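Quick notes on the structure that follows.
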Amino acid sequence: MTAIKRNLVRGLIALVLVFLALLAFTPFLYMCIISLTQKSTLDLNFAGVDFNFNNYVRVFKNLNIARNFLNSVIVTCGACILNCVICSMAAYGFSKKRWPGRDKVFALYLATLMVPGQVTLIPVFLIIKQLGLMNTHLALMLPILNAFGVFLMRQFMMNVPDDLLEAARIDGCSENRLFLRIVIPLIKPVIISLTVFTFITSWNDFLWPLVTCTNQNMQTLTLAISALKGNYSTNYGLVMAGSVLAFLPPFILYIFLQKQFVEGIALSGVKG
Amino acid sequence: MINRRKEAIQGILYVLPSFVLILTFAVIPILMSGFFSFTQYNVMQPPQWIGLDNYIRMTKDPYVKASLVNTVIFTIGTVPVQTFLSLVIAAVLAEMFRGHFGGFVKSALFVPVIASAILVGTLWSFLLNPRGIVNLILQALNLPAVNWLGGKATAMFSVCLVSVWKNVGYFLVIYYAGIMDIPRSQYEAAKVDGASPIQCFFRITLPSLKSVTYLVVTLGTIWSFQVFDLVYNMTGGGPGTATQTLVLTIYNAAFKEYSMGYASAVAMLMFLFVLLINAIQKIFFREKEV
């Protein structure tokens, strides 16, 4: 009796969970389906509707989507590489080297984590402008870098035993080789997590590109979607086609690197 | 002695690139924001010191007032709901569905997290269109259609709803990791003593997750102060000022009216609130440890 009751409860809860999962996922399915139609209504009546890739052809041919896509890829890849290189170097300097003022400088890094990006938007914009970097890919990458990556990698690098490094030194391993050949391979998991985190932040970034990309040719895909929605608000299929293109790269990565994704994004919780 | 010096130089060289960037894009900017907030600055002419004028102007600005009221409403509308939902789902998954099914539910709920707020806003403004799917479902259930993004109260409600929809998966993952850190032996001991799953939840899970809950609530509250993409794309702050936010006010003042000084003052106000929330969290944490 209780076993039946327990199974019934379990089944009901499972049903609720399925409903929630569908609620989270089906809007994206809807987005994909609408992107294949030229419907002028938003309903689910597909009688006599022709499914084709015309919207995709159109965003590539008549609109600048290919260029936007390329911009997003360049900026995101650049930000990921820069972030990993610079943060891992800094983490090494903070965790494995002793130098005067080290802890004070690290405390300053941590303090900057308390400042939301929107608070410093205006001065960062003015600095980028002063440096002549407006409408460049570099301008879109630089502010993505922050102390969070340094903090994360330092935590991880502290666990690399000093004895190991000392042994390699005695064997005549140079300092840079030590860093590249011993430390970096040991912190691979955190590098992947930081890459995923940076990828999502950079790919989905909106406010910063909105401010720095005044030139249409430099706009990222996320900006393009917003513009698409503004200019073609009733051409639903077209807007959804652009959205699918913006959604696919992170989604495909998510499918392949699910565990790292969840870890990488959950890690950002530490940031708050 | 020479070795010491060599080590120090190496250490500094490794840190240097990040130091230059942090200094240029974080430390100097916050000082500049503070300075600009006391000036009148339109980028064309050099900043002019005007003392507290920007801050006085802020107290009379209907947009700032609306932003603050909306932030409070948004916080109340999202934080409790998303915290409750993510906690309950995480607890149910950890207690009953640790296998593939649970993994599938978690993966599905995480999909909205990886999409950009712009994409989510675009998608949902179609779903919430007066003739969109949501209203069609309501009509099928014999309920009246709602002008979701057009009405003052419903626009705010819609933005909260979409925000919760997007963020539940994120907090779910944080809670789930927190529950996994609780030693299983505690649950086993409770079960031996005849405790029901619900008792276990209130006596073991919930108290053990105190620090995670602080994190989730603090993060959610700080995010409420940072809302921009979603409202920019879904409502533009309207109708009227119904969904106006602080960041939207900063953006409009700085990049539409070129009042960099005034926008900086609003930014400093936002910074103050974020610091305050952080401080409150710290106090709570300390109390817990004592």
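Backbone N, Cα and C atoms are what each Cβ position is placed from, and that goes for glycine too.
Copied over from TrEMBL, here are the features:
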type: TRANSMEM; residues: A:12-36; note: transmembrane segment
type: TRANSMEM; residues: A:69-94; note: transmembrane segment
type: DOMAIN; residues: A:69-257; note: domain 'ABC transmembrane type-1'
type: TRANSMEM; residues: A:106-128; note: transmembrane segment
type: TRANSMEM; residues: A:140-157; note: transmembrane segment
type: TRANSMEM; residues: A:178-200; note: transmembrane segment
type: TRANSMEM; residues: A:236-257; note: transmembrane segment
When counting Cβ pairs under 8 Å to the transmembrane segment (A:236-257), the leader among A:12-36, A:69-94, A:106-128, A:140-157, A:178-200: A:12-36
Contact call for the transmembrane segment (A:178-200) and the transmembrane segment (A:12-36): at least 3 Cβ pairs under 8 Å, seq gap 6+: no
Same-chain residues near the transmembrane segment (A:12-36), Cβ under 8 Å, at least 6 residues beyond its ends: 42, 46, 51-53, 55-56, 236-237, 240-241, 243-244, 247, 251
